[in-house]
Amino acid sequence: DLQCAETCVHSPCIGPCYCKHGLICYRN
């Protein structure tokens, strides 16, 4: 539940991060 630097609007999240709300990348 920590916000990652990248977003997932135009590309998928990187590494341990997952896409939330189709907008912001989060990790545990």
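Each residue's number is its place along the chain shown, starting with 1.
Just so it is clear, glycine is given a Cβ too, placed from its N, Cα and C backbone atoms.
Looking up Cys4 in Swiss-Prot gives a disulphide bond whose other cysteine, out of Cys8, Cys17, is Cys17. Following the DSSP three-state reduction, the secondary structure of Cys25 (disulfide bond) is strand.
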